[in-house]
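J.: Please read through the structure below; I'll follow up with questions.
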Amino acid sequence: ACQCLECSEWLRCCGGGEPRPRTVWLGHPEKRDQRYPRNVINNQKYNFFTFLPGVLFNQFKYFFNLYFLLLACSQFVPEMRLGALYTYWVPLGFVLAVTIIREAVEEIRCYTRDKEVNAQVYSRLTARGTVKVKSSSIQVGDLIIVEKRAPPLLSTGSCFLRTDQLDGETDWKLRLPVACTQRLPTAADLLQIRSYVYAEEPNIDIHNFVGTFTREDSDPPISESLSIENALWAGTVTASGTCPRRGIELRSVMNTSNPRSKIGLFDLEVNCLTKILFGALVVVSLVMVALQHFAGRWYLQILRFLLLFSNIIPISLRVNLDMGKIVYSWVIRRDSKIPGTVVRSSTIPEQLGRISYLLTDKTGTLTQNEMVFKRLHLGTVAYGLDSMDEVQSHIFSIYTQQPQDPPAQKGSAPTTKVRRTMSSRVHEAVKAIALCHNVTPVYESNGVTDQAEAEKHSLGSAHPLPPLLCPQVALVQWTESVGLTLVGRDQSSVQLRTPGDQILNFTILQLFPFTYESKRMGIIVRDESTGEITFYMKGADVVMAGIVQYNDWLEEECGNMAREGLRVLVVAKKSLAEEQYQDFEARYVQAKLSVHDRSLKVATVIESLEMEMELLCLTGVEDQLQADVRPTLETLRNAGIKVWMLTGDKLETATCTAKNAHLVTRNQDIHIFRLVTNRGEAHLELNAFRRKHDCALVISGDSLEVCLKYYEYEFMELACQCPAVVCCRCRGPVSRLSVLADLPVWSVRPAGDGGNDVSMIQESDCGVGVEGKEGKQASLAADFSITQFRHLGRLLMVHGRNSYKRSAALSQFVIHRSLCISAMQAVFSSVFYFASVPLYQGFLIIGYSTIYTMFPVFSLVLDKDVKSEVAMLYPELYKDLLKGRPLSYKTFLIWVLISIYQGSTIMYGALLLFESEFVHIVAISFTSLILTELLMVALTIQSWHWLMTVAELLSLACYIASLVFLHEFIDVYFIATLSFLWKVSVITLVSCLPLYVLKYLRRRFSPPSYSKLTS
């Protein structure tokens, strides 16, 4: 491990305490000035004592669960008891047991994962040497040595880290040690010095850190500023450092928001239907009492009827739907055509079948996030892939004309201004690109990772290690291809190799890393052969336009390259005199030592250099589309899903990508929303937009914010009518959330792959993460995770459609099953003078909704109307689901009428055909009811699965076998007679045959769209 002091935060944890700045003494946790939370991770919702109360509270805080609990409790009152206690408590207990077991399994998994992380062993530096400690025992102030997980910059104390789990970036970032600690002979000497770190209060910003390192026992005392370059966050790589924070004060924890518990539109629709059923229950009970003319203790009769007809609201509905969701999730994970798909939210698979708007990121989601260098533009001439050999010849000529000292020719500034040759201009541009970056070459040869040793073994076998942006690697690889190769880099120097194998050495004086706020990076280097100091800078055109000297081609050429779909970087330089640099360095060091407003002061000093810089060139890199993006977007468009693309690219680049990906069709008009800054301009532009019809919209993030601020409703109404929308310069999570927040509810499905997409995914109705090169944070936060964008088509067209249609059929059939027996109870009570006497008691009422009908009804989760190939070939089938027809008030009313008809037919038939005893009515009606349910399941099924047949036969066999034990309710000798058989057959035939005839006539004269494709 490296001997370096790093301000580090370890392990995502939980704890408590008010965030305050702190002074941390190195290696002396006992000197802490305040109490800190424990360094333990805890992702559990409950503990041992709160588990059962917590689970029960979460179940009974919902009205219908509480309703069934009150029903069961009411049976302890003698006046309200209608039968055996177990007829109410067993179903409720079964539902609660399933929920408790599921929650217990999830809690045990969480506990196991937490325990594994908390038990991870680390090396702590103490006066007795290195000792092993568990992560839960780490305290603020401990010196921790972490094992190497990535190639460090040996001999300098620097290391790399990756923040993919914080901001989604998988690139390696360089982190620097505190300089004075590098002069200590061994790591153990860190404990012998009197030093401390002052760290700012904990906050959520992972891109900034403000602190100071002070050594008191030196003469004079040494004080160094600490910034983000000296900090590495939880879960990062090689370091030995002090731990200034732990617990909930970690920035990784403070950046972790608890995702909301998502409930799909389907579940809300089912809840609405159950409320209607509850209203029907109350109405039926009141009608029954009213027909008794409210005689006697009528209020008690109302309660008894509420209990008697409680089957109207099926207690098994929630359990069936939850188990169905588990099956859908299992089927999605097992689909070999979308390998690697993970279902992280099993509560909303039906929502996949109801998507109207798809919000997608561009880089890494629609594209591969693999940059390829395409264009070098010098203002008067441009070089593409087909003319790179010219660039190579220019570089070769520069270093062969003056082989003795080629850099000297370039480094000496002539006293008179002469027009530079094309070769010198190309050389200056290529050299700037080769120097202005954060890329470090890492050599691996026969297991050797040391830079100097590997260079001896295999010259030129370097692999660039990108600390920030993928385009940087593409640029460095391009400079190598044209003759200027990056062969070495450390904290203080850069080495380039020329075409003649000569090594050019440059000293790094200052490095200004790229940030999303500044949108640029810079480096100040000294050419060791000439002593010339040069400030190189590259960045986005929007910021570089105000930094470079006046020119008449920058804006135009940036637009031209962006229209070709290229990502543009502007490269510039500025020569500095020695006195000018020394003055800048003094002011820069002073600004970095500031504790208050450090970032602002540092930025002000750097901006003093960023004036009148010489524009060298423009570079263009291309991010190629993923495989099958075009057919996938076309499938989604044909399915009625409107796609919105959110990107941080320029307007021209975003428009080109939209056309290239066929997000916008060739014959479709594009309306480019003009840049607006105030209410008046937004009003005029909205009026112009309103006159356009059937055109795609392209709008910048700034204009979008203005429109949402002043004309939120009007803008969203117009934008939602567009077949496609492209939001460019939409960089931050907040910008993307503002778009999401205003879209119609229950219709949005974002797709993204980076850390900036996480908030959008968590706040959506249904979020999908793509495991791309920006890390796994988006996929881990998503409800569904896929490996490629093209898998989204099958996820929606096949699995989303099937999940929604299956759950719709399952929910309505469970309701039908309950309404059928309730209709029979209503007829029975009406015939017997409105008496509140149950028709079926004991095991009959429990067995009806469990072993007798549960398996056939639940087998509907395997049903499908068309094959998956047909669903993918005709995405128009998905469009029908957007109207919610499989589960609507119309279909609900149809099932209610069917239930009333069948329940009444069975009950009246049994009353007409019964012989002498009441027990014969129970035998005939109950048997007819079971057979009717089994036949209705067969009528509902679209395509048979072998498990459906097994479920039907198994249920029938269970009922026949149980008749032997039901002599208390059914006359065993009577059911063996021919009279019983023909009466049951007639009643069942009358209740089911009309429905089979109606189904045949409907398919014959008004077939649904899917049946036309299967016939």
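The first residue you see is number 1, and the count goes up from there.
Note that Cβ sites are derived from N, Cα and C of the backbone, with glycine treated the same way.
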J.: With TrEMBL as the source, identify the stretch among 703-723, 892-912 annotated transmembrane segment.
T.: 892-912
J.: Nearest to Asp361 (active site, 4-aspartylphosphate intermediate) by Cα, among Lys538, Thr647, Asp649 (binding-site residues)?
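T.: With Cα distances computed to Asp361 (active site, 4-aspartylphosphate intermediate), the winner among Lys538, Thr647, Asp649 is Thr647.
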J.: Could you please provide the mean pLDDT value for the domain 'P-type ATPase C-terminal' (780-1007)?
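T.: So the average pLDDT across the domain 'P-type ATPase C-terminal' (780-1007) works out to 87.
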J.: Using a 10 Å cut-off, grab the number of neighbouring Cβ atoms around the Cβ of Thr647 (ATP binding site), all chains included.
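T.: Within a 10 Å radius of the Cβ of Thr647 (ATP binding site) lie 24 other Cβ atoms.
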J.: Out of these recorded positions, Asp361, Asp649, which one has the fewest other C-beta atoms within 10 Å of its own C-beta?
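T.: Checked Asp361, Asp649; of these recorded positions, fewest Cβ neighbours within 10 Å: Asp649.
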